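Here is the structure we will look at.
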Amino acid sequence: MGVSFVFSAALFACLSCISFAQSPARTTAPVPLPSSCPSPTTGPEQQQDGDAWTGMPGSITERSFFAIKPDGLQRGLVGEVMSRFERKGWKLVGLKMLTPGRQLVERHYEEHADKDFFEKLLDYMCSGPVVAMVWEGHNVIAGGRKLLGATNPLEAGAGTIRGDLCTNAGRNLVHASDGPESARREIELWFSREETVQWGRATDP
């Protein structure tokens, strides 16, 4: 009885080894994502120009930097300004509120460093919080400046933000990048890559 039990156990173990040896381990092959589904870190913009951070000028992913200045916040015009950009059809992809340090503002306005108004400009921009924004969409660089109106509000046309909402050239509500190169530089200066967001809308082509 004991010998039979030992023999049966040994036979079972042997058969088990043969069974496992003849049955290769099952593996699950990864399921590829459809080509239309970009990974979280590689969106359409990155595929096209290698940099989704600052966008592609001349395309639907063109991006520009705008900042609502301290007087805009003090007068409660943040919502008014942002709603005009939204109604234009542009997409907000970066937003934060901060009181900028002097060094940041000096770098931002470095092309005006030799101007008489430079120190007053620094004092003004550092006097309170600003709302820094990155907007995306067709012609947002040139179109955004047109929407704001002339730098001097007295020369800005009716229907523009400055023409409708302010009268003082030294308190002209909003800063806007003046071209593709300045847009790239200013976005990189004020926002990290992680602080801008790629997102889609049902109306996007």
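Heads up, the Cβ atoms here are built off N, Cα and C, so glycines get one too.
Nobody curates TrEMBL annotations by hand; they come from automatic prediction.
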(request) Could you look at Arg63, Arg145 and say which one TrEMBL places alongside Lys69, Phe117, Thr151, Arg162, Asn172 in the ATP site? (result) Arg145
(message) Using a 10 Å cut-off on Cβ-Cβ distances across all protein chains shown, tell me which of the recorded positions (Lys69, Arg145, Arg162, His175) has the largest neighbour count.
(response) Arg162
(request) Write down the Cα-Cα distance for His175 (active site, pros-phosphohistidine intermediate) and Arg162 (ATP binding site), rounded and given in Å. (result) 11
(message) Near His175 (active site, pros-phosphohistidine intermediate) in space, meaning Cα within 10 angstroms, which of the binding-site residues do we find among Lys69, Phe117, Thr151?
(response) Lys69, Thr151
(request) Could you tell me which of these binding-site residues, Thr151, Asn172, has the fewest other Cβ atoms within 10 Å of its Cβ? (result) Thr151
(message) Just to be sure I understand, if DSSP states are collapsed into helix, strand and coil, how many residues of the domain 'Nucleoside diphosphate kinase-like' (61-198) fall in each?
(response) 65 helix, 25 strand, 48 coil
